[in-house]
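**Q** The structure's right below; bear with me while I get my questions together.
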Amino acid sequence: MDVETAEEQGGPAPPSGVPCGPCSAGAPALGGRREPKKYAVTDDYQLSKQVLGLGVNGKVLECFHRRTGQKCALKLLYDSPKARQEVDHHWQASGGPHIVRILDVYENMHHSKRCLLIIMECMEGGELFSRIQERGDQAFTEREAAEIMRDIGTAIQFLHSRNIAHRDVKPENLLYTSKDKDAVLKLTDFGFAKETTQNALQTPCYTPYYVAPEVLGPEKYDKSCDMWSLGVIMYILLCGFPPFYSNTGQAISPGMKRRIRLGQYGFPSPEWSEVSEDAKQLIRLLLKTDPTERLTITQFMNHPWINQSMVVPQTPLHTARVLQEDRDHWDEVKEEMTSALATMRVDYDQVKIKDLKTSNNRLLNKRRKKQAGSSSGSQGCNNQ
């Protein structure tokens, strides 16, 4: 059956009380590679028009396993070498720690075109930073940030041990299994993943706010791209805003490129005043502009701030409050990244490295101006 027809005939979703079970007894083993099933996906799953998200190469829809009633996520990719590469890399990683599992893959027709349909576990807990945003007045601590970074690092370590570079590690690709307190954080979307061999990666595709410096120039890059992204995510976790910004409203600007390539960022007060030196040191090691000097994933996992996360101070951070106050800007940044994902390519000629005495961070400037205005009327302090 054509997928389009199946969507129209999907009918109501199964009731929430239907017991859940594994979506498919034929799910691949850890790191397995398999051929897609050739029969109709609708034989096994009831499709919904509910869009759960947008990946690099295709949209993600809600679906239900007909036998068990379990809610799953379906990603639709039009068949191409790039799509098959995404499926292959995700299949190799599926079942690894803190990585979204593939449950089934089908090869069907959709709009008279051959497509691949990836059935994945449904991540009902939402995005990493949305979860922190929604905490309200409940403090988010440095120890919690360390535990989150350890989980993300565990996923990257699994990939790198199998010579896979994810190349698009960013907040939107980090999802929770549920809204429960003990939900597991997992990495998804292998649309830009590549196997790392003796030929270093050179394809200029990336998400601009989390892109390593060497991606912006003619240098080769490899797994160290993921390490740079870990540094940016860790920075945001500890303060609520990223270290680099485009001040022009573009997804990525020449000024932002220069700041990234020069590694120009700071640890401004008050957001960073109480953050431990161990955390700042780890960020510096991850954001090294020379990929050969950047930490490997093994070194990252062995860093005291990560492997001794239980003794990291429980210092309350500004992160949740900053994310809430700047929610509109954060959404704008995400929209810019989404639109840039599939279309942006690097123009090396625009990269002109000049020494910048200060970093002009648009969001930070706005925050400082607002703080200056409020401090004139009140001497109180917020030590969240």
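Yeah, the Cβs are placed from backbone N, Cα and C, and that goes for glycine too.
Pulled from Swiss-Prot, these are the listed features:
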| type | residues | note |
| --- | --- | --- |
| ACT_SITE | Asp168 | active site, proton acceptor |
| BINDING | Leu52, Gly53, Leu54, Gly55, Val56, Asn57, Gly58, Lys59, Val60, Lys75 | ATP binding site |
| COMPBIAS | 373-384 | compositional bias 'Low complexity' |
| DOMAIN | 46-306 | domain 'Protein kinase' |
| MOD_RES | Met1 | N-acetylmethionine |
| MOD_RES | Thr203 | phosphothreonine |
| MOD_RES | Ser253 | phosphoserine |
| MOD_RES | Ser309 | phosphoserine |
| MOD_RES | Thr315 | phosphothreonine |
| REGION | 309-345 | region 'Autoinhibitory helix' |
| REGION | 347-371 | region 'p38 MAPK-binding site' |
| MOTIF | 352-355 | motif 'Bipartite nuclear localization signal 1' |
| MOTIF | 366-370 | motif 'Bipartite nuclear localization signal 2' |
**Q** What are the non-local neighbours of Thr315 (phosphothreonine), defined as same-chain residues 6+ apart in sequence with CB under 8 A from its CB?
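**A** Once residues fewer than 6 apart are set aside, Thr315 (phosphothreonine) is near Thr141, Glu142, Arg143, Glu274, Val275, Ser276.
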**Q** Rounded to an integer, what is the Cα-Cα distance in Å between Ser309 (phosphoserine) and Val60 (ATP binding site)?
**A** 34
**Q** Using DSSP with the three-state reduction, classify Gly58 (ATP binding site) as helix, strand or coil.
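**A** Gly58 (ATP binding site) sits in coil per DSSP, no helix or strand.
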**Q** Taking just the CA atoms, what is the gap between Leu52 (ATP binding site) and Asp168 (active site, proton acceptor) in Å?
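**A** For Leu52 (ATP binding site) versus Asp168 (active site, proton acceptor), the Cα atoms are 19 Å apart.
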**Q** List the residues of the same chain that sit at least 6 positions away from Val60 (ATP binding site) in sequence and have their Cβ under 8 Å from its Cβ, in sequence order, or write 'none'.
**A** Val51, Leu52, Gly53, Leu54, Ala73, Leu74, Lys75, Met120
**Q** Sort out for me which one of Leu54, Gly58, Asp168, Ser309 has the most neighbouring CB atoms within 10 A, since those are the recorded positions we care about.
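**A** The residue with the most neighbouring Cβ atoms within 10 Å is Asp168.
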**Q** Rounded to a whole number, how many Å is the Cα of the residue listed as 'active site, proton acceptor' away from the Cα of Gly58 (ATP binding site)?
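**A** Just about 15 Å between their Cα atoms.
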**Q** What does DSSP assign Asp168 (active site, proton acceptor), in three states?
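**A** Asp168 (active site, proton acceptor) sits in coil per DSSP, no helix or strand.
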**Q** Using DSSP and three states only, what is Ser309 (phosphoserine)?
**A** helix
